[in-house]
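Peer 1: Below you will find the structure I want to go over with you.
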């Protein structure tokens, strides 16, 4: 619509919530796909093709104008059309330019004369300058987790009261009463044995020693006080061991004791079930971080390794030359991460103590800073250090929500392509993140090795081995001459398999693409099918006709399958193939492997179990929302990770998801035939049952 009369009445507030990237998601369903911000109030919700929360807001409030956060379109509900005009003050134009600057984190502007005016605050510094906003969100994380604990405590109290009235609860109370009586009898028997032991010891000490013992005491006089006198003094001061039997415990107290038992009680928050706040179109990062944290071996590596201490050691001065403290000479082992330095040095205790924190009490600010600091303490930003810190919080079983400010800051600094609040691709982010982590480990391990303790160098090599090999596999590219049957083999490494959809899903224009579900096994078969080489691509002496085939010759421990859902449509447009891909919990890779290379493997080595799924919600490449399904081995259930909102789900719901990236974990490794023991650190990764 060229002219919308409702725009002229618009009065936009300068502190509108749309200027805060953390608000760029639906307040009801948490999606970042097709998000519309009301221009009359601070409400942000999804469009009518998602859950219609923005439309419902208009029906309740009668606020007509809304702006799409990512595409910057303005829509009028009263006119039922898009708005092209602006008000007299040009608020819409100013709002669009402001949002574009926030999204790209580029605050430069050009005057009419062509001069570029740069903001006094750089893009990186602008992230750090909003300490008030970060502190506010951290307090919200604290309050959210405290509320989580409070709700579960009340639910537990109500459940225990109800359980005490049921036949099963009464039986449980009777069993606990009998167990207490048996424990009391064992305690009494133990005390009687203790008294008898003390009595025999006193009698032995009161008897005169033998001659040989007296001579030995004269030769080597003992400066210690006689133990018998000390024991008699202690017995006089100590309370009598003969105590009355404890009063019988009431059923209510006994049931409460059962619920509060440290042996049986599980953490209120299951380790790993911690939400990540969306800081502004960061769902791509949150979904990948959830996936990596649920890969057991990957997580255990970074829980042990903290490169922050090593990098501070190497970067003690700007020239790269550093001297170790006299307390830690070269070759000595530095203190562990959980220890603290001497006075005047920064604390390295990364694991916060939650003694009074979020179990209904207030945690001090120092513990909050140890979770995700607002700014890395060292000039050398470390992705490994941020992974170490974030995984500690997510798997502590204490926090229900955390804001990954420091992780986002490190990504902005080290991976400039993801700088800003624009929507990004999760697959590209995963590849870039792993590449940067690998480079950081290689650089840290080889730079000034004499300054790094031997134990730390060994740990860095082990973690680097995990990062390099956990997704690493090998492909056999085999070209066969159709005339002389000569075969040319080439080994190529891979870290994921990008699978294309069959041709029936690639029609465009007048032809209609098929909407029948596609099978994952069909896409794998297409990846390994024989392909004819046309033209003078292949030269075999006098022959030229050949065919090529890709086969897997070395299986990775974690198999990443990237479904190529986005295709080019026209010159500059990429559209999405939205067909459902059927995949199972178990995947047999034997049909797609080279028989000659894998002939010595056991049959179980080809079996993979589904461990994680990344989903893309939306219709286009440049827009949409990412969520993830992760199998949590601590709780033995699947979790749907939608930024800050997490909930358990059934595996049937997982298999119905519109998958974008699939993660399968090898059930038995090919080196030794044991369950997932390829990598050297800690326990073997726990895979979901088939």
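Note: Cβ is positioned from N, Cα and C throughout, glycine not excepted.
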Peer 1: Look up region 'Disordered' in Swiss-Prot and report which of 319-366, 367-414, 415-462 it refers to.
Peer 2: 319-366
Peer 1: Far apart in sequence but close in space: which same-chain residues, 6 or more away, have a Cβ under 8 Å from residue 46 (Zn(2+) 2 binding site)?
Peer 2: 26, 28, 29, 31, 33, 34, 35, 36, 52, 53, 54
Peer 1: Beyond 26, 29, 46, 53, what residues of that chain have CB atoms within 8 A of the centre of the Zn(2+) 2 site's CB atoms?
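Peer 2: Leaving out the recorded residues gives 25, 27, 28, 30, 31, 35, 45, 50, 51, 54.
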Peer 1: Could you check the binding-site residues 26, 29, 53 and say which one's CB has the fewest neighbouring CB atoms inside 10 Å?
Peer 2: 29
Peer 1: According to DSSP, does residue 53 (Zn(2+) 2 binding site) fall in a helix, a strand, or coil?
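Peer 2: Reduced to three states, the DSSP call for residue 53 (Zn(2+) 2 binding site) is helix.
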Peer 1: List the helix, strand and coil residue totals of the compositional bias 'Basic and acidic residues' (173-190) as derived from DSSP.
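Peer 2: Output for the compositional bias 'Basic and acidic residues' (173-190) reads 18 helix, 0 strand, 0 coil.
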